[in-house]
Amino acid sequence: MPLLLTIITDPNPVLRKKSRKLDPKKLKTRQIQELCEDMVLTMLKKDGVGLAAPQIGKNIRVITVNTKDGAICMINPEITKRSWLKEWGAEGCLSIPGVFGQVRRHKKVDYSYIDGSGKTIKMSAAGLLARVLQHEIDHLDGILFTDKARDIIRN
Ligand SMILES: [Zn+2]
């Protein structure tokens, strides 16, 4: 059974570290599979649209994203191309509860990641998914949305 993980909140040094890539040869381990399942459960239970491993205390390059086709676990995700056009949009973060702000992000991105079976997937995204991917991959580099946001509201 997947576990509900504890989400680390800002300020915490784990949220500010650059996360390391996982060795693609070690991806099929039970540990990574379980981590993905636990992160998906935690993201869904907390009503998040995305979750990055540093938020549950692990500085490794793993994120989960809730898409219209269901929750996806992405290992070593990377943005490979960014649109020139950017747009402002509202963001929040499970690690910064009650805080919201406007962040300017690329409208469209091409991205790649390794899935749970070790396969490399290449896709493009626009709108909310593009925004979530940029937000989550920022977490892997120790960047929080409040570093980039304007019109910040604290509830
Ligand atoms: Zn976040």
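Every residue gets a Cβ built from N, Cα and C, even glycine.
Annotations in TrEMBL come from automatic prediction, not curation.
Taken from TrEMBL, the feature Fe cation binding site applies to Cys93, His135, His139. For Cys93 (Fe cation binding site), the same-chain residues that are 6 or more apart in sequence and have a Cβ closer than 8 Å to its Cβ are Asp10, Val99, His135, Leu144, Phe145, Thr146. Cys93 (Fe cation binding site) carries neither a helix nor a strand DSSP state and counts as coil.
For Glu136, the entry in TrEMBL reads active site. Counted within 10 Å of its Cβ, the other Cβ atoms near Glu136 (active site) come to 24, all protein chains included. In the three-state DSSP scheme, Glu136 (active site) is classed as helix.
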Other CB atoms, at most 10 A from the CB of His139 (Fe cation binding site):
22
Looking only at Cβ atoms, how many others are within 10 Å of the one on His135 (Fe cation binding site)?
24
